[in-house]
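Peer 1: Before we start, here is the structure in question, set down as structure tokens.
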Amino acid sequence: MATETFVVAYENKEGDDGLLDYAIARAKKDGAALLLVHILEWSPYKFLTPQEIEERHARRKEELTRAKEVILDPALAKVSAAGLQADCRIRYGSVVELVAEIASEAGASMIFVGRSGTQSMTARIFGSVPLGLAQIAPVPTVIVP
Amino acid sequence: MKPIQVIPRAALPLLGAALAALPAQAQETAHSIDEKINEVVGNITGPFVNFIFAPFPGTSFPWIVLWLVIAATIFTLYFAFVQFRAFPHSIALVSGKYSDPDDAGEVSHFQALATALSGTVGLGNIAGVAVAVSIGGPGATFWMILAGLMGMASKFTECTLGVKYRNEYADGTVSGGPMYYLSKGMAERGFAGFGKVLAICFSIVCVLGSLGGGNMFQANQAHAQLANIFGDYPGWITGVIFAAIVFAVIIGGLKSIAQVTEKIVPFMGVLYVGTALIIIAINYDRIGWALGQIFDGAFTGLGVAGGLVGALIQGFKRAAFSNEAGVGSAAIAHSAVRTKEPITEGFVSLLEPFIDTVVICTMTALVIVITGVLQVDAETGQYIWNAELGRVETLGDVSGVALTSAAFGSAISWFPYVLALAVILFAFSTMISWSYYGLKAWTYMFGEGKFQEVSFKVLFCLFVIIGAAMNLGPVIDFSDAAIFAMALFNIIGLYFLMPIVKAEMTSYTSRLKSGEIKRYA
């Protein structure tokens, strides 16, 4: 039985393999379980056309299925194959806020997040997920290059 | 009716230059195409318009306006002034205070309201109000606000039913609206056959409404504003350009155009109201006078032909055309929201007539009155009535969107250019929304399928051209008639189904009080 839980903010973008490998290595060392968190960026204030509104429920179902089957299931299999306890959460909303919230709810002791890998103007003005977590994370956060 | 007047401006950029280069003969041919379209379409729509606006026997009051006023009054009383009592709760719902975080990713109350508003806020708020005030005088504004406030109860009723009786398909898509509650809800009450007839009748006029108010009127006024800025040129040119863009979006699937428009439209709405507030603030010394004109005009007419009744008819007509309360169109947009409680969407939807009519339309009316573009006889203090045109004399002898433009332009000279952009975007977003409403009614009648969808969409595009080419008179009359005809069948159904809404409201309110309905934020 794992004594503590590490949260991994898992996007499945390029470089997230390294993030997962690092989190697995640290969890093995500390005897921790991994909680993989995948957030689908969503704002309840985003404008939708009537057609998009009609199809939204169906699209959401598809998006959730895809996130589970294509993104999280292979990652969970990798964590389990390493002999670690693994669980996952998929949520809609703001990535930074939800990762911090789930870490608190799960009583996690650490968060692992991949670096954003971008220097775009948008990231400079509005920040990125690692920067956001650095500001509001309730527990120590590791940014994995 | 006299065609809309235009004010040629000194600056005629691209379009004006291009048109000036057209040989005179080609321009004449172009205008004669306009006239032909006017004649043919005007003749076809005439009898329908005459029937819808026939006066109540022995009076000059169109029976259909009375129909709408009575319905709004009945719903207001039946639901014990729900529009005022539930207003704070509506705001809480829209701001997501009662939204389950587990439902994130579904259509929120805010999104349903914003989408419905983008179909509603359009030229009715800019051009329609100008028409009301120039025909009915400033007093029309008072009745328009009153109609907006009462219309909130109609909207509440229809949108609750829209969610309650929507169709949810196996693939997760949703279809709702009066067609569905009229057939399913009425069947539940034991009137299956009658309900089906109402649903079909509603669908027919909904298709006509989408081609009229949701399309031709928008194209017509967008052209009027463009002609106002760039100089007179044939309407069919605007029509063809608009039709091509609408075609690209609704048939070609060019979602990017729709998405860009939908993002700019709310910004334009804020800009419009903000500018109106600035103009009102600049003329702060005339605010009291303008409000006095609106109030006096509501009961005396201030020299406008028809007096109180004239102002009242215009006010109610324009309010109904602008906020569509009782018409049933918004129920189609609101019905897709993800909620376990249909009544919550009713509460949210009642904000729509408030924003549309009580806020935005009133801003337009106040700017028109306060800037003095309606001509007043200096000696009598009464408005100068032009019997030939059937409206008050205006500065520059303009009507419709050109009058609103003149009013804004008299305070801020460059604003007509911004207004032209706003008009085009409002027109476009309203067209996209109404092409969807019309399509839903069309497929309700003819069944789902690629052929049915494409045939309606092509028809819709053709009407864009017709709308832009016609004079304001026949277009606005047909638009009004089609929209009001929707209200005819929808409201009959609402009377039968309002006890169901009341039961929903009673149950919800008691659970809200007991704390069973949870507040999340």
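Keep in mind that glycine also has a Cβ here, set from the backbone N, Cα and C atoms.
Taken from TrEMBL, the feature signal peptide applies to B:1-26. Residues or ranges marked as transmembrane segment by TrEMBL: B:61-81, B:191-213, B:233-252, B:264-284, B:290-313, B:354-376, B:414-437, B:458-476, B:482-501.
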Peer 1: When you check the transmembrane segment (B:414-437) against the transmembrane segment (B:191-213), do you get at least 3 Cβ pairs under 8 Å, counting only pairs 6 or more apart in sequence?
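Peer 2: Since 3 or more Cβ pairs under 8 Å link them, the transmembrane segment (B:414-437) and the transmembrane segment (B:191-213) do come into contact.
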Peer 1: Where else in the chain does the transmembrane segment (B:482-501) make close Cβ contacts, counting only residues six or more beyond its ends and a cut-off under 8 Å?
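Peer 2: Beyond its ends, the transmembrane segment (B:482-501) has Cβ neighbours at 48, 52-53, 64-65, 67-68, 71, 74-75, 78-79, 154, 156-158, 160-161, 164, 178, 181-182, 185-186, 188-189, 191, 195, 198, 201-202, 205-206, 208-209, 211-213, 320-321, 324, 326-329, 343, 346.
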Peer 1: Counting CB pairs under 8 Å, which listed stretch among B:61-81, B:264-284, B:458-476 touches the transmembrane segment (B:191-213) the most?
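Peer 2: Per the Cβ count, the answer is B:458-476.
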Peer 1: So which residues does the transmembrane segment (B:61-81) touch in its own chain, when a touch means Cβ under 8 Å and the partner is 6 or more beyond its ends?
Peer 2: 52-55, 147, 150-151, 153-154, 156-157, 309, 313, 316-317, 320, 325-326, 484-485, 487-488, 491, 494-495, 498, 501-502, 505
Peer 1: Go through the chain and flag residues at least 6 beyond the ends of the transmembrane segment (B:264-284) whose CB is under 8 A from any CB in it; none is fine as an answer.
Peer 2: 114, 118, 121, 126, 290, 359-360, 363-364, 366-367, 370-371, 408, 411-412, 415, 418-419, 421-422, 425-426, 429
